[in-house]
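S.K.: Can you keep this structure in mind? I'll have questions shortly.
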């Protein structure tokens, strides 16, 4: 009975559809035995196509960001360094999507061997954390720029040279469990060789719950606290400033951008992390309903998909809205760009230090 329980637990882990080890959906061993019937996978038909769409769009827009940074002459700003590293993390994350699209197409049958399973699973987790961590760094940097504009003008790129390696190291450490446990296992009742988190069978529930909660805390709760605090601080500070006429329009645009950053992060990642938390509750035995577990398994692939769209949105939030983006695009690609002009051309040159700093993050 114990062997069957372990097999059912491992098998149910596959049906969750989380191919890169961000979380594992199931209940405890007893509930897993009751829910171990083969699930319907018709809802997965659209996932590979959507993955390829996100891959193409995200890859193109992030390549533009990286190209602009590499072609930029003169010293780099701290904010530009963060944007560049964010784009690199998003590019590396998106580069793995064709493999996972194939994985979905073959209904969790991994065709690329155990080494690629471990490497690409770890690669995806690492760059997911790196992307989120750099978004957090940029929120803190923007807060300092707006609240303390004169001090922020003294920032030097060497300061970012210490923070950037630290962020990448933190992302690497956060992905170590995936690197250690990710492996290919044969799931006989599904007839596949699946790329899964191969936790020790006797401690499968504990490991799954622990990893799920770790993803919640490091990948969402702590970053969201920093991001929301920084942008609400920016909003509070700017609303106190006496802005009139065109400066008021500029201030309102900055406030809208700050709100968009917070909302984009929440919309893209909240569904995934809610399901991750429910997964942890299932592994701890708090959730024992087969119906609830089935709903989680059904929704999870689409929640992951929504999380990946954040890598497509980031360039628009952090780079393309920059005050000098059009000039950079003209100089690098030698093409006329007019779609972002609008009201910015008519802005008064007399702006507060806070607003001017916010407008030139990617100069």
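Note that the numbers count up from 1, one per residue, in the order the chain is shown.
The backbone N, Cα and C atoms fix where each Cβ goes, and this holds for glycine too.
Feature list, courtesy of Swiss-Prot:
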type	residues	note
DISULFID	35-290	disulfide bond
DISULFID	117-195	disulfide bond
CARBOHYD	4	N-linked glycosylation site
CARBOHYD	13	N-linked glycosylation site
CARBOHYD	24	N-linked glycosylation site
CARBOHYD	29	N-linked glycosylation site
CARBOHYD	34	N-linked glycosylation site
REGION	324-333	region 'Helix VIII'
TOPO_DOM	71-80	topological domain 'Cytoplasmic'
TOPO_DOM	141-159	topological domain 'Cytoplasmic'
TOPO_DOM	233-257	topological domain 'Cytoplasmic'
TOPO_DOM	321-363	topological domain 'Cytoplasmic'
TRANSMEM	46-70	transmembrane segment
TRANSMEM	81-104	transmembrane segment
TRANSMEM	115-140	transmembrane segment
TRANSMEM	160-181	transmembrane segment
TRANSMEM	207-232	transmembrane segment
TRANSMEM	258-281	transmembrane segment
TRANSMEM	295-320	transmembrane segment
S.K.: Write down the Cα-Cα distance for residue 290 (disulfide bond) and residue 195 (disulfide bond), rounded and given in Å.
M.R.: 24
S.K.: Look over the recorded stretches 46-70, 115-140, 207-232, 295-320 and say which has the most C-beta pairs under 8 A to the transmembrane segment (81-104).
M.R.: 46-70
S.K.: According to DSSP, which kind of secondary structure is residue 117 (disulfide bond) found in, if we only use helix, strand and coil?
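M.R.: Assignment for residue 117 (disulfide bond) reads helix.
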S.K.: If we call contact 3 or more Cβ pairs under 8 Å (sequence gap 6 or more), are the transmembrane segment (207-232) and the transmembrane segment (115-140) touching?
M.R.: yes
S.K.: Based on Cβ atoms within 10 Å, give me the single least packed residue among the disulfide-bonded residues 117, 195, 290.
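M.R.: Ranked by other Cβ atoms within 10 Å, the disulfide-bonded residues 117, 195, 290 bottom out at 290.
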S.K.: Go through the chain and flag residues at least 6 beyond the ends of the transmembrane segment (115-140) whose CB is under 8 A from any CB in it; none is fine as an answer.
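M.R.: Sequence-distant neighbours of the transmembrane segment (115-140): 19-22, 79, 82-83, 85-86, 89-90, 92-93, 96, 99-100, 163, 167-168, 170-172, 174-175, 178-179, 182-184, 195, 218-220, 222-223, 226-227, 230-231, 261, 265, 269, 307, 310-311, 314, 318.
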S.K.: Roughly how many Å lie between the Cα atoms of residue 290 (disulfide bond) and residue 117 (disulfide bond), rounded to a whole value?
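M.R.: Taking the Cα atoms only, residue 290 (disulfide bond) lies 29 Å from residue 117 (disulfide bond).
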S.K.: Mean pLDDT for the topological domain 'Cytoplasmic' (71-80), rounded to an integer?
M.R.: 82
